[in-house]
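Participant: Structure provided below as structure tokens; questions to follow.
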């Protein structure tokens, strides 16, 4: 009754978390609480457990419980009952209770129950650890690693237990690359020197055959514990360096560390492998109470070393010590008995296996079969084989080897045929399920293996298996293989055609998808809604209005035009092709208004007419159709202009009023995009701060991109740093965004750090990311880094890559390199574009290659048919003017018949200033001021011309005009990285802490310039350099 009182809802004493947690250890406690009469496997254990619990002797209770068979099965039954009871009583399953329930199901290996409970939780690191531990224990390493990545994506900070679980998985799978990434994360979190995490790292590197790395990690651990030492010398053992392992063990003992049980067992095993059986026995004798693992090592080790009699002796000594044998113990001693062919001892061990309930174990059964076979007792072996209901390939092989050993070849073939025919009952439904699993996990290798078995079993012509194979290969990225399977299929149904057409649409190969769709109809296969939807999606991708209309006609013919799914796809196709009128017609023809079809039409209106979209939204509310998150996200995205910010804010209010959360990634990014695109940066930042953590990578990237697009580059970089501090791993879109920010800020140090992170995260560099890196390095002045990224690109078929490198060389003064890259580009048959020629002409201008510049300009127009833009002409004017061809530059401007543009006169004005052509310069400056009266550079250059002529009155008058017009000189800025610190300089600003040293250095430079006649001494003395 006491326990029943604890379960009443009114009782304040009920600690649901502690209770559920204990179920993993004491299911009998739960059985007594609920009063269920659940028969125990061993009534004595049950009674002992009840007595210990009644006396609150929990330690003894646990010891008794650990000896009870089938305790996990009992724990699961009781756990489900307690979980059900907590739901009935209305107990909140969040927090510690929820974690405890997940932990219970995880420890009982109930994957589906654990995942369902986990999905309902507000997850913390404890829940994640339970799931990771479960996936690890049931042998699903892929799940472990993917869940670990999801943990980071959900911005949950892992703890030492998390790292330990994932590192152990990496160790088992020898996935050293993923392990290194985890190592980097641990370094960032400052956990690599922790003995717990350090030990896991040592173990991972050791098991991945990176013993040198394991040793380096070990030496970094502040205070290595016994586990760390054990992992290290275990690593040396695995690496085939047993002598070094023994040295580590001896050093461990010399430094005062008491080896734990695992250490003893590992070193004993090492001694045995080295053939030092005497040392192994001496060390084994030092163990106060060796457990079954230690005994197994001695039995197995001596048996493998040819000391079968000693191994058998250790087995019987173990029995005298009251240590219970395991299947490994029995397997090892049976192997030794088989070698000595001592049937009497074999019978004793067989009796022991029956007594322990292990005779039905497949491993023990295989050992028994092997032992009897070697004792030439195949009848006894056959009895063991037949007695076992569940057989695996090991068991079958043991019998085959037994008959072979005894020369019964006909029995071998008979058993082999039985094994193939009835041993494994795998049919087409089984293979379909297996292939579906491969498709979902994108496991092409496993799928290919199943395909081989299917071929051998002649199931490849089965329609269901064929469809599953096409789907598996397509989803695993092997579309050509999927097509081959498709072409070889004798029978095809709608599922077959839908699968292959949808695969090509997904691969963005719309032309092939259209061809297959036509072929399908020619074969007389009636299209269904799924097939039409896939084909219409292809039409949408290429804006194929003609093909879309054909599909529309076919849908009418098939009677599917009024189908909701097909109708929505038609609306989407017409909208994205810009035919909103036809989209509205399709919408009106549908039998009822649904949120799906309305969303499609609202999306169409949003792209073409925001006002119509708002009207349709209001009509939607009037008709009683409740908008969804997609509805709001679609219409909010359309409010991307400053004038529509008010409307967007009103929709934001509607979202909140209707109970929709901005936490959702799709809706959240839509709102943030709306605010930032309409320059509502304050509102965007406020919304972002309100979103709960962990925030997704999409939201972080959106904030960076929005700030960058609005010119807030430093703020964008701050968001990136905050994101990294929160433990969120960037993706390719994030890298591209933040690298562009580094380009604008000329932040080479940050750019290099991001490049390094891309490398360490093992991201494949696509063309976009590579081009952005090339541009970043170039704009930061590091052409070596830019060239290296370019050289490492797998494919350089995109003109953007070449343009980035050419312009980088040109702007950094490496004209010869720019021209060489231009020649290489043409030799690689890459067609140059306008940007290419602009970069090459810039290079010619900086290097004074007037003749080459003229030829390239003519090549652009004559050979490649590219019309000269103002930028190209301005570049040519700069080239001619910079090197003294002022008259030709002036004539060149007049010959182009272009609309007057400030860039042309600005280039000519700069050239006149350099070569002292004051008359032409004055004319150019006046034309420039006429075109751009607010451009301060024109006034400054003209003022310098007046100053050089000594016309101070004109210069002062010009400055007065600047003041009257409100024209202010825009200060120039520069960023310089020195010793990992970015220094920002602005023209006219003397607030830098080292300004004194800077001015002294500038004076020295001025003196050198005067001595070399680089500048006119009179100009320097008059201080007119300050105006430039």
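Every residue gets a Cβ built from N, Cα and C, even glycine.
These figures come from a predicted structure and were not determined experimentally.
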Participant: Which range is it, out of 856-886, 980-1010, that shows up in Swiss-Prot as region 'Type E(+) motif'?
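Facilitator: Matching range for region 'Type E(+) motif': 980-1010.
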Participant: Using a Cβ cut-off of under 8 Å, list the residues of the same chain at least 6 residues beyond the repeat 'PPR 21' (766-796) that approach it.
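Facilitator: Counting only partners 6 or more residues beyond its ends, the repeat 'PPR 21' (766-796) has Cβ contacts under 8 Å with 732, 735-736, 739-740, 742-744, 746-748, 751-752, 755, 758, 802, 804-805, 807-809, 811-812, 814, 817, 828, 830.
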Participant: Counting Cβ pairs closer than 8 Å, which of 159-193, 225-259, 664-694, 869-899 has the most of them with the repeat 'PPR 20' (731-765)?
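Facilitator: The stretch with the most close Cβ contacts to the repeat 'PPR 20' (731-765) is 159-193.
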Participant: Same chain, outside the repeat 'PPR 5' (225-259) by at least 6, Cβ under 8 Å from its Cβ: which residues?
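Facilitator: Long-range Cβ neighbours of the repeat 'PPR 5' (225-259): 195-196, 198-200, 202-203, 205-207, 209, 211, 214-215, 218, 266-267, 269-271, 273-274.
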Participant: Could you give me three numbers for the repeat 'PPR 3' (159-193), the DSSP helix, strand and coil residue counts?
Facilitator: 27 helix, 0 strand, 8 coil
